[in-house]
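A.B. asks: Below, the features straight out of TrEMBL:
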type	residues	note
TRANSMEM	20-39	transmembrane segment
DOMAIN	83-227	domain 'Flavodoxin-like'
BINDING	89-94, 141-144, 176-185, D211	FMN binding site
DOMAIN	282-524	domain 'FAD-binding FR-type'
BINDING	R301, T538, S599, R600, K605, K606, Y607, V608, T609, D642	NADP(+) binding site
BINDING	R457, Y458, Y459, S460, T475, A476, V477, Y481, G491, V492, A493, T494, W680	FAD binding site
Amino acid sequence: MENSEGVKIESTVVTEEPLISALDIALFVVIITVAYFWYFKRDKQSSSSEKKPYTIQPSSLSSIEQTSNSSFIKKLKSTGRSLVVFYGSQTGTAEEFAGRIAKEGARYKMKGMVADPEECDMADLVEMKEIQKSLAIFCIATYGEGDPTDNAMDFYEWLQNGDADLEGLNYAVFGLGNKTYEHYNEIAIYIDQRLEELGATRVHEIGLGDDDANIEDDFVSWKEKLWESVCSHYGIEETGEESNIRQYKLVDCSEVLPERIFSGEISRLKSYENQRFPFDVKNPYLSKIAVNRELHKSGDRSCMHIEFDIDGSKMRYDTGDHVAVYPKNSSELVDKIGELLNADLDAVFSLLNTDEESSKKHPFPCPCTYRTALTYYLDITSNPRTRIMKELIEYASDPKDQEKLKLMASSTPEGKKEFHEWILRDNRNIVHILEDLPSVKPDLDHLCELLPRLQCRYYSISSSPKVYPKSIHITAVLVNYTTPTNRVNKGVATNLLAQLIPTNDELPQPTIPIYIRRSQFRLPPKSQTPIIMIGPGTGLAPFRGFIQERDYARKEGREIGEMVLYFGCRKKDEDFIYENELQEYVANGTLTKLHLAFSRDQPEKKYVTHLLEQNADELWNIIGEKSGHLYVCGDARSMAKDVHSIIVKVVMEKGQMTNSQALNYVKKMEHQKRYSADVWS
């Protein structure tokens with residue numbers, strides 16, 4: 001016979017009742033199962049609570065704030081504030097802008113606070129209407145191919161998936177982007193529009209900052225008009241002049257025990273001595289340099305092939321991902337600052353937020369020495385923003401130096417011109433400014449507060465985990481150039497990497513902190529899908545990983561699709577990187593075609609874009625007739641834009657479409673992930 005599920009059951013004659021029936025056994029199993037899952041679920045919750053990021057809670061927080069730290073509404077109410085400024089920041093600029101807005105709120109009787117959306121319950125935005133004359137401002141950066149920053153990802157997804165009623169919420173948005181990228185300020189624009197759709201009231205029009213030009217100027221211009229709109233909307237007036245009150249106060253830590261002093265760790269004290277998985281932006285892995293070799297055959301430039309050892313780290317990466325490298329500033333520049341300011345760089349100090357309610361207690365890991373701060377935590381090589389010029393004025397004892405700083409800090413046409421020429425065109429960093437304006441002697445602790453955080457550098461991974469599961473490869477050009485003032489500026493990360501040369505096995509190998517950042521730059525799911533790769537110079541990096549992965553599949557006996565690579569460099573005999581590898585892939589059939597452009601090996605310069613124009617039939621055959629994928633890696637400013645224009649033209653001509661239809665076709669390719677770009681400016 002069959003039971004209700006159609007399973008056959010043997011019919012038997014039972015002559016005696018067993019001591020324990022089948023029903024008893026079944027009930028016993030159910031009870032044991034429920035008890036098992038209840039116990040381990042509770043254990044998992046307990047474990048997850050123990051794995052929360054390490055934070056130091058200030059003693060001034062009330063018990064409510066300690067237990068409900070994610071409620072920014074409770075903090076606003078308990079401290080009598082009406083302004084909250086959220087930031088979505090990848091490099092720290094948006095966070096800096098948010099702090100400046102919150103600070104200025106006092107001039108308009110709006111006491112403000114800065115908030116990280118990742119640490120807040122953003123659903124509390126619906127309660128903002130309960131606070132009289134309240135305002136939420138969002139300083140939001142867009143990075144990558146139209147992606148939200150890591151700390152704004154949850155908020156972005158909440159806006160996408162939720163339908164909260166935000167009526168009564170007053171808001172304004174400032175976006176940070178770069179016009180050389182296709183998805184310019186896409187996240188800020190979306191947030192601005194989505195908040196309005198959910199019923200919120202826009203107090204001031206969105207501001208769009210362009211980091212390819214002068215984002216500081218864009219921000220200041222927008223901010224000035226923002227406060228005009230705020231005064232009009234709330235019927236308030238400015239109460240006084242802008243204040244230069246410091247956000248952090250200096251604390252002498254000379255008595256702190258050495259084991260409590262940070263020495264370059266990103267977040268957790270002694271994290272490099274006691275490494276703990278998982279590794280991320282706040283907890284990088286201290287990787288050994290396994291290989292560091294020169295790729296250029298001759299010439300005065302250098303391109304390095306570097307392999308990071310991740311054996312035993314539990315780190316995993318996918319082909320196309322990026323690796324973040326944490327650099328440090330040169331001791332020469334750090335010592336120069338100490339010399340110019342006559343400061344003791346080995347003094348131990350801390351900077352403590354003057355706002356006791358702020359979740360951010362320090363601008364960087366404290367306590368530490370000034371030498372550590374200037375070496376590991378502060379950016380001393382980039383061009384300072386006009387805000388720093390303004391803050392340095394009070395430290396200038398020479399009237400001429402003072403006037404120069406005042407001019408560059410102003411928003412007048414003359415001031416903007418002077419700042420552009422003296423700072424940006426001449427490429428001066430803070431060390432150069434202190435050298436060229438000798439009467440400017442800022443307090444070193446104040447300078448540490450003003451300077452932006454030193455950021456990690458991202459590199460496209462040039463290996464496949466199928467072939468190299470225990471190492472990560474990168475391809476990096478050494479950055480050195482002479483400025484108009486005849487100073488030699490050096491790339492922070494690449495010049496550090498150039499010094500990290502592995503030795504024999506008997507000596508400790510050089511190390512550097514890294515972590516893996518996931519990317520959407522991916523091979524097609526099916527190995528049979530044909531692809532075109534366009535990567536001049538170090539743009540070849542991710543494609544080396546792509547080719548390795550397809551070659552691995554071929555050796556396993558799987559069918560692989562056509563692989564067409566467009567590569568360009570200056571001279572074949574100088575900077576044709578990975579030449580032997582590429583030729584081998586052509587010989588074994590993994591790489592179907594290798595199109596090469598050597599720009600300076602003939603009288604007229606020849607680039608990969610010229611080859612693309614010549615090979616329109618091949619391009620259309622793969623992306624049009626065979627629905628293949630197209631990838632671009634390299635310079636966003638010109639190369640990537642030129643490639644895009646050529647692809648649109650090919651689609652028009654070979655696909656017999658109008659310009660509008662061709663643009664839509666390419667846009668559809670992008671949405672389908674058939675047209676992907678990994679570019680930088």
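Every residue gets a Cβ built from N, Cα and C, even glycine.
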A.B. asks: Say you check the Cα of W680 (FAD binding site) against those of the binding-site residues S89, G92, Y181; which is nearest?
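C.D. replies: In terms of Cα distance, W680 (FAD binding site) lies closest to Y181.
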A.B. asks: Which residues of the same chain, at least 6 positions away in sequence, have a Cβ lying under 8 Å from the Cβ of T475 (FAD binding site)?
C.D. replies: L295, C303, M304, H305, I306, Y459, S460, S462, T538, L540, A541, R544, I577
A.B. asks: Please tell me which one of the binding-site residues listed here (G144, R301, S599) sits closest to G491 (FAD binding site), measuring Cα to Cα?
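C.D. replies: In terms of Cα distance, G491 (FAD binding site) lies closest to R301.
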A.B. asks: I'd like to know the mean pLDDT over the domain 'Flavodoxin-like' (83-227).
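C.D. replies: Average per-residue pLDDT within the domain 'Flavodoxin-like' (83-227): 93.
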A.B. asks: Quick check on the domain 'Flavodoxin-like' (83-227): DSSP residue counts for helix, strand, coil, in that order please.
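C.D. replies: Taking the domain 'Flavodoxin-like' (83-227) as a whole: 65 helix, 35 strand, 45 coil.
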A.B. asks: Going by Cα-Cα distance, which of the binding-site residues (G92, N178, Y607, T609) sits nearest to R457 (FAD binding site)?
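C.D. replies: Comparing Cα positions, the closest of these binding-site residues turns out to be G92.
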A.B. asks: I'd like to know which of these binding-site residues, A141, V477, A493, is least surrounded, judged by other CB atoms within 10 A.
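C.D. replies: Among the binding-site residues A141, V477, A493, the sparsest Cβ neighbourhood within 10 Å belongs to V477.
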A.B. asks: Considering only the binding-site residues S89, Y181, A493, which residue has the minimal Cα-Cα separation from Y607 (NADP(+) binding site)?
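C.D. replies: Ranked by Cα distance from Y607 (NADP(+) binding site), first place goes to Y181.
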A.B. asks: What binding-site residues in the list S89, A141, G144 lie within 10 angstroms of R301 (NADP(+) binding site), counting C-alpha atoms?
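C.D. replies: Cα within 10 Å of R301 (NADP(+) binding site): none.
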A.B. asks: List only the single closest residue to A493 (FAD binding site), chosen from the binding-site residues S89, G92, A141, Y181, K605 by CA-CA distance.
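C.D. replies: Nearest by Cα distance to A493 (FAD binding site): G92.
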A.B. asks: Using the residues the record lists for FAD (R457, Y458, Y459, S460, T475, A476, V477, Y481, G491, V492, A493, T494, W680), what whole-number Å value is the largest Cα to Cα distance?
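C.D. replies: The widest Cα-Cα gap among those binding residues is 23 Å.
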A.B. asks: Taking only the Cα atoms, work out how far K605 (NADP(+) binding site) lies from Y181 (FMN binding site), in Å, as a whole number.
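C.D. replies: Approximately 25 Å lies between the Cα of K605 (NADP(+) binding site) and that of Y181 (FMN binding site).
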A.B. asks: 10 Å Cβ neighbour count around Y607 (NADP(+) binding site)?
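C.D. replies: 16, counting other Cβ atoms within 10 Å of Y607 (NADP(+) binding site).
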A.B. asks: Check the Cα-Cα distances from G92 (FMN binding site) to the binding-site residues V477, S599, T609 and tell me which is shortest.
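C.D. replies: Of all the candidates listed, V477 is nearest in space.
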A.B. asks: Going by C-alpha positions, which of the binding-site residues (V477, S599, T609) is nearest Y181 (FMN binding site)?
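C.D. replies: Going through V477, S599, T609 one by one, the Cα closest to that of Y181 (FMN binding site) is T609.
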A.B. asks: My understanding is the cutoff is Cβ-Cβ under 8 Å with a sequence separation of 6 or more in the same chain; which residues meet that for G144 (FMN binding site)?
C.D. replies: S519, Q520
